[in-house]
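*Asks:* Quick one: structure below, then a few questions.
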Amino acid sequence: MRGRHSDASFMYKRGPSKDNINDFDREGSSVRLLNGKDIGNPSWKRSLPHILVATISSFLYGYHLGVVNETLESISINLGFSGDTFAEGLVVSTCLGGAFFGSLFSGWVSDGLGRKRAFQLCALPMIIGASMSATTNSLWGMLLGRLFVGTGMGLGPPVAALYVAEVSPTFIRGTYGSFTQIATCLGLLGALFIGLPAKEIVDWWRVCFWVSIVPAVVLALCMEFCAESPHWLLKRGRGAEAEAEFERLLGGLHVKSAMAELSRSERGDEADSVKLSELLYGRYFKVVFIGSTLFALQQLSGINAIFYFSTTVFKSFGVPSDLANICVGFSNLFGSVVATMLMDKLGRKVLLLGSFSGMVVSMALQIMATSSFASGSGALYLSVGGMLLFVFTFSLGAGPVPGLLLSEILPGRIRAKAMAVCMAVHWVINFFVGLLFLPLLEKIGAGVLYSIFAAFCVLAVIFVKSNVLETKGKSLQEIEIALLPSE
């Protein structure tokens, strides 16, 4: 084994000459056949433990998004800002601000330190921030803790998307990519259920923050035993280690073909040679534009406004807020599970088109509920049914697909940094939708506002149909070759 790795290391150090790449191609072609038979797909069981550890970061992302939903009232009473809506808003929005800055630096962190170390670095501010929030006796201590947590939240999702795409076997990459969305839903539901006693038990909200430290520590420790991304290793000139990690993830029979395919796209590109200007124009502009627009349309569809407003809608019909949150949470989870089963069967583009189309129909139902034609029980069924259907159809495609699709269509040379830029767009629009939703609701009314959201969903259908490439069943290298023009 050592001799083989030494040879591989020597071969990669010689540089990306055509002869070397052709040699690897020939080796990769021969390894696909064993005794004249196709060796088939690698076992999904080898990579699954690594994927599950990575999705803990998505669980933490969902948990910290939802942890203040049930606890905000008791937090405001204990810390002395009860009735101050601006302060309550800061407790929520400070986390989003931290996430924006975390996402901005995620690409440089994951390219500079590697995917494993980026996960561990993401867990650190979550541990520190949760500890600060759990022990504070002032609003400023809570805000500082939420800022730390938000930084980890911004760092985690883009790194998780990169890692899952780069270590997953091609035939099951879509399914594994959906695991991050399921983990986020489980985090939201976990925060909801753990926060239920907060209204009855004094200082229970502190327990809710302490609990989040456990999965963060598990992520940091378990990631030490997970595989590093072979893509990142090869990009750093560590070919022998990349081969060893492929063997852990795919099995010995698939190592040469995987390395051959990877070498065709990497060609010795240096991770630290990517400049921000390269992402904004030239041959990379198209893929960065597609990714940023997908995330923008995801947020402009109104999904977070629906989450924010769902409790109010349910309450107006006499439904308790706890039950409302549970219904929305399970609708989100159920849709994510269905998406996992369909991702590698129907494909990313089909799910996106179906998802945004379903969201248009859902918004139409809610628009009808606000009109004068609906009243009483009819308005209840249309509004509540439309809201749950909206969350369900969102989780089928518009929720899980953009992050997975971006990690697939972005070329290896710019993948981490371009993902950071696209995620920053996501957080900026997320922030402004949350900021402007209630003022717009008061000024123009729910019907007009829902119509605007529906229009963005229609625009998303048109954009996806015209610009999104189907990536189902294609390797990352095949996708890169199909999307990028020749230099």
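Note that the numbers count up from 1, one per residue, in the order the chain is shown.
Glycine residues also receive a Cβ, built from the backbone N, Cα and C atoms like all the rest.
A TrEMBL annotation is a machine prediction, not a hand-curated record.
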*Asks:* Need the matching range: TrEMBL marks transmembrane segment on one of 47-66, 267-286, and I'd like to know which.
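*Replies:* That would be 47-66, the stretch labelled transmembrane segment in TrEMBL.
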*Asks:* Verify whether three or more Cβ pairs under 8 angstroms connect the transmembrane segment (47-66) with the transmembrane segment (204-226), leaving out any pair fewer than 6 apart in sequence.
*Replies:* yes
*Asks:* Under a criterion of three or more Cβ pairs within a distance under 8 Å and sequence separation of at least 6, are the transmembrane segment (47-66) and the transmembrane segment (418-438) in contact?
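*Replies:* Between the transmembrane segment (47-66) and the transmembrane segment (418-438), contact is absent.
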*Asks:* Average the pLDDT scores across the domain 'Major facilitator superfamily (MFS) profile' (50-472) and report the rounded value.
*Replies:* 85
*Asks:* May I ask whether the transmembrane segment (350-369) has at least three C-beta pairs under 8 Å with the transmembrane segment (146-164), counting pairs 6 or more apart in sequence?
*Replies:* no
*Asks:* Using Cβ atoms and a strict cutoff of less than 8 Å, what residues sit near the transmembrane segment (444-464) while being 6 or more residues removed from its termini?
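*Replies:* Same-chain contacts beyond the ends: 293-294, 297-298, 300-302, 305, 349, 352-353, 356-357, 359-360, 363-364, 366-367, 370-371, 398, 437.
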*Asks:* Should the transmembrane segment (418-438) and the transmembrane segment (86-109) be scored as in contact, given a threshold of at least 3 Cβ pairs under 8 Å and pairs 6 or more apart?
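*Replies:* Answer yes: the transmembrane segment (418-438) meets the transmembrane segment (86-109) with 3 or more Cβ pairs below 8 Å.
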*Asks:* Quick check for me: are there 3+ Cβ pairs below 8 Å between the transmembrane segment (381-406) and the transmembrane segment (176-198), leaving out pairs under 6 residues apart?
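*Replies:* Contact between the transmembrane segment (176-198) and the transmembrane segment (381-406): present, because at least 3 Cβ pairs are under 8 Å.
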